[in-house]
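As written in Swiss-Prot, here are the features:
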COMPBIAS  1-11  compositional bias 'Basic residues'
COMPBIAS  19-42  compositional bias 'Low complexity'
COMPBIAS  501-511  compositional bias 'Polar residues'
REGION    1-44  region 'Disordered'
REGION    492-512  region 'Disordered'
TRANSMEM  47-67  transmembrane segment
TRANSMEM  110-130  transmembrane segment
TRANSMEM  137-157  transmembrane segment
TRANSMEM  226-246  transmembrane segment
TRANSMEM  269-289  transmembrane segment
TRANSMEM  304-324  transmembrane segment
TRANSMEM  335-355  transmembrane segment
TRANSMEM  367-387  transmembrane segment
Amino acid sequence: MPMSARSRRSNPRLPPSPSSSSSSDAVRASPHSSPPSRLRPPSANPDVSSNILLFLIGFRLVNALTVRTFFQPDEFFQSLEPAWKIAFGTNQGPWITWEWEHQLRSSLHPLIFAAVYTVADLVARTLGLTPTSRAELLIAGPGITQAVIAAVGDFYTWKLARYIYGDRSHESWATVRIRSNAIEADADQLQLALTVVSLASVALYRSAWGERQTLAREALICGSSVLAVSTVVDRFFYGFWTFPPLRFLYFNVAQSLAAFYGRNDWSYYASQGYPLLLTTALPFTLVGLYRTLKTPPKLEKQKGSILVQLASISLAMPATLSVITHKEVRFIYPLLPALHILSASPLVEFFIPALTTTNREYISRRLTLIFLLWANVAIAIYTTLFHASGVISVLSYIREQHQIHGTANIPSLPKESPASYGGITTGFLMPCHSTPWRSHLVEPTIHAWALSCEPPVGLTAEEKAAYRDEADQFYDNPTQFLQDNMVGGLRHIPRRPSYATPPSSQRQPTQLFPPHEWPDYLVFFAQLEPTLKDALRGSSYGECWRTFNSAWHDDSRRRGDVVVWCLDHAKQQAWQSQKHQRELEDRDRQFDHIIKRFQRDATPSKSWHWSHWTSPFSSQSKSWSWPWERKKRTLFGYELPDLPQWGWFGKRKKKTLLSDFWF
């Protein structure tokens, strides 16, 4: 927080405080100045804000380009799939979910990524990029755009914290945290709004009546303009006038369709939501909430009121959402910036003494800080690169196979009927929305289908109670489902892939709804592998690819590796040869490791230790022995008994030959 003018005049050697936002300048210009707080060292760069923004953009770009995992289906099916439809047309294979068919979503969000797709496709055509490079550009484009939005959200979160705690306080630097997962755009837009709404509340509190009227008028004009633009855009997207927020409330509250996707306990957000959202910051957030609501913050009145507003919203929003039976952590994700601001002050108070002094009293706090940092880094790395990575990698494999066997070498396909061209077929026997769709498949000639999970729209209460979607029917009895819902059942499975079949005998697969055609590639989780081996024994399907997906999963149907079976015997043999070669390499590395252990144990150590000490009254056998054989000690030719193992000297673990075979 800024120091008072009197204290600055009494010490002329203090540097002037750096400039901040216009709202902060207005508050500092008032005669009421905040009390001194812990100050950061003066910055040598006068334009700190621009440097911070550039750093956040760079960090977010690296974050976006290194993400290799799957977070939530909505980051693809509620944004990128509708955007693909806007940019390339319906016949290019986007999966449009039921929410869009019933006008439950606004098209403003997908419109951003539709523009990105259009620009990326134009760049690819202008530069003459290969299909592989074009696909990578189309996949990376939305992530780069979202990274910039997230960076701006982080920047304005920092600006709000700087306004509350002061330009040079530690708290303003403790609020921006790493978020490894993909973020919905409306969450970041709310981060931007947090600053505007909070500063507007301060202006409303301090201003005269005329200025309040001006602020209210501008808020009304801006809100009405956004609502009008959203309504017009939805009119062009859906083809008729509609109001998605009202229909969203009707379907999810009046018809209770949200409960179809799961019911949660009333305390979900308190017992699971906040812990999953905040992880290691949870204790500091709880302290910040308690202090803010229990005792008045030691800040200026206006700044303290902002913290009270943030704390109230952070409690009121989960309480309101708890009324709805279906709950998810991402519903309270927009609260994360506010929660970080509230946790900043307790975090600084706890760790700053341990970092600014060398007192041994704070060793435990230093160790705690190191643990929290490493815990966050470990979580970020695992969730960004490993957990649920197989469902992304498998689509890269499918695209590679399409490059080999499909028609990706065609420079451009007409949007009217891409299905008339050849390609490869893929079926996903997974819970619905387990993988991204056309945003990662890219090529329209990759003909794919997957199990659906449409809710019971328009059914009676009795019909809703007995309703089972397609994915549920499959997992209830996989063998019977394949018999009843696949073309030809289990007795007429193709022997050859479609790309090796003459065009006259090819049949175009039906997307998304049964009956499904038997595809060239079957994709499923390893949990289902024993069932499919039994159901498809004797068929031409065999394993041709496998990759790690997750070490654990809360959904038992999604556990294990992602496995791909295919009809191409050459690919099956190549994969088996590759697996055998990998096993040989692993065995050779293990054997080399054992040999090195033998050589190291057989070579006498040059370092002196107690085991090499020999009493003048004893003699060791000089004959050669195996490295793992226990050495004997004798006295005048008689073997001495082993010394007892005293507990206070510590029990030394003896190495055996068996231990050499383990890493």
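Residue positions begin at 1 at the first shown residue.
The backbone N, Cα and C atoms fix where each Cβ goes, and this holds for glycine too.
Looking at 110-130, 226-246, 335-355, 367-387, the range that has the most CB pairs within less than 8 A of the transmembrane segment (47-67) turns out to be 367-387. Counting Cβ pairs closer than 8 Å and at least 6 residues apart in sequence, the transmembrane segment (335-355) and the transmembrane segment (226-246) reach fewer than three and form no contact. In terms of C-beta pairs under 8 Å, the stretch of 226-246, 269-289, 304-324 lying closest in packing to the transmembrane segment (367-387) is 269-289.
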